Each structure stands twice: as C-alpha cells, then as structure tokens.
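**Q** Swiss-Prot lists these features:
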type	residues	note
ACT_SITE	Arg176	active site
ACT_SITE	Ser227	active site, proton donor
ACT_SITE	Glu297	active site
DOMAIN	30-213	domain 'FAD-binding PCMH-type'
Amino acid sequence: MTQSLPSIFIDNGNCEIQPYVSLADMTTFRVGGAAEWFIAPHNLKELQASYAWANEQALPITFLGAGSNLLISDQGLPGLVISTRYLRQRTFDPETCQVTAYAGESLPKLAWQAAKRGWSGLEWAVGIPGTVGGALVMNAGAHGGCTADVLTEVHALDKDGTVQVLKPEHMAFQYRSSILQQSPKPVLLGVFQLHANQSAEQVKATTQSHLDHRLSTQPYDWPSCGSVFRNPLPRTAGWLIEQSGLKGYSLGGAQVAQKHANFILNSGNATATDIFNLIHYVQQKVEENWSLLLKPEVKMLGKFPQIT
C-alpha cells in the first residue's frame, strides 16, 4: 500500500474515499494495519455509492462496525473498508413493538432504549460491545438469548446495489453464525420484534443484572475483542483454557486474561501477530489436553503467518 495517493471523490464530489487509513484505533483490540481505501458513509446513499464504486473497481470490500470480535492483520486490508460508525438511527413503533435499527447502531444502546420503554427481548445484548450490523452477521448472543430470537427482517444490498429483504428463514442462523458470513452482503438495517409484556422497571432490572454480571466476570482493563473462542458445548472455552493452565500466559504483548480465560488482552504493546500466535498456542494446548480443537469466534481479516 502507498501513503501518497490522493483521496477519491465520488457521487458528484459528495463522498470522499481516503487512501491508507490506519484501522488499529477502530478495533477493540487496538491493533492492525491500514486500509488501502477507507470511507465512513454518513447515510445509506453514500454507502450505496461507495459500494458501487468498489465493485466497479473490482476491489475487495470489508465492512467495519464497532471493531469488536475482530482481528485485523498488521499488514492491513486491501481494497475498500467501509465503516458503519455514522449509520446510527433507530425507530420504535409503539403499535407493533418493533424496533428498526441501522447497521451502525450500538447494540448496548439499543438494548437500553428498549428497556426504558419496557420492551423485552434485547436484555441479553446490553454488554455486547458491537453494532446491529455485526450482531446480524454473527448472530450475537449472551445470557441465553440471541439475535435470531427477535429478528423480523434484514435489509441488505445485492451486488448490483438493490436492497434485498431477508426474513429469518433466509438467514440460516446457527450458534454465532448466519448466511451473511458464508455469502456476505452489506447490511443496511435490522427489524426486531420485541414484547411489551413487562414493566419498564422489570426489563431495566434484568438488563442491569446482565450488565453487572458481564462487568464482574470479564476483563475490561486492557483492549480485547471479547470472547475469542466459541464454546464447545456443554463445556465452555474459558474452562478448558483455564484447566490447561493458560490463565495469564503471554506471547509478546498478548496475554490470556486472568479474569476470564476466553479473553486475550492487548497488554499495551501487542501486535496482531502476537495475538494470532497466542490464539494458535491456546488451540494447541487445549487440543493436547482435551483432544478438542477450539474454534475461533473472533474473525481474522488480512494476511497472517503460516501455521505449520
């Protein structure tokens, strides 16, 4: 990648695509290289224009929400990175108890706004440091609830730029997975069916309880991506890692958290390669001890070292 390229303006000059933009501060791990091209659209029109431009140039496209559950290579990402950080809008329909939220909307904020209205269904989402778009792609969940439980429809872009409406039966939801991982499409918004079957105080109390539990059991002192591995039910990844004696283990600037072993921390000077190598080391040790290969929940983007 080169740092000397000028910005490109599309959509009659209204939409700026910038070259060589660092992505590290846009991820919760605080690591990673630069985007070859980058844009943070302020509305759906700019999103559609930038998406069309990248397709015309035959560039790879990466969508970036809150940057949680994500590890970006130190070498950065080729093509266009589209950040949804400005695509934040939500509407609550009191007649249907449905919530419509844009892809960049904060999941915890959405959960709290629903709770204040006494609408149940999103209490589980309060401690997940992600966006609506990421939740739809990953089928995010916690505390026994998940995105699939409340989803009514997803609006996404086809490659030709037309809006496609996906119903739950089109989403192929599984544990931390959806069709949008196998066949990626830009997510515009999601519509969620909630329920006004409790008082606002009850819903807020449950929401606060979930948040308190998360804060008391998970590390927040250093940057991380959230849970690194999927839970191989009925066991948990954290328990297997802890029983393998890996709590506190470090490689470079990456460390297995003492508070919760399914978290890897950037202890201050980690690189993406440090974190990648520690993920692989944890997998090796757990497999040696338990004959079970932990599957990463964190999504890895870009080029990483070959594992032999």
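Note: Cβ is positioned from N, Cα and C throughout, glycine not excepted.
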**Q** Counting across all protein chains shown, how many other Cβ atoms sit within 10 Å of the Cβ of Ser227 (active site, proton donor)?
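**A** Other Cβ atoms within 10 Å of Ser227 (active site, proton donor): 23.
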**Q** Far apart in sequence but close in space: which same-chain residues, 6 or more away, have a Cβ under 8 Å from Arg176 (active site)?
**A** Met138, Asn139, Ala140, Gly141, Arg230, Glu297
**Q** Just to confirm my parser: what is the rounded mean pLDDT across the domain 'FAD-binding PCMH-type' (30-213)?
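**A** Taking every residue of the domain 'FAD-binding PCMH-type' (30-213) together, the mean pLDDT is 95.
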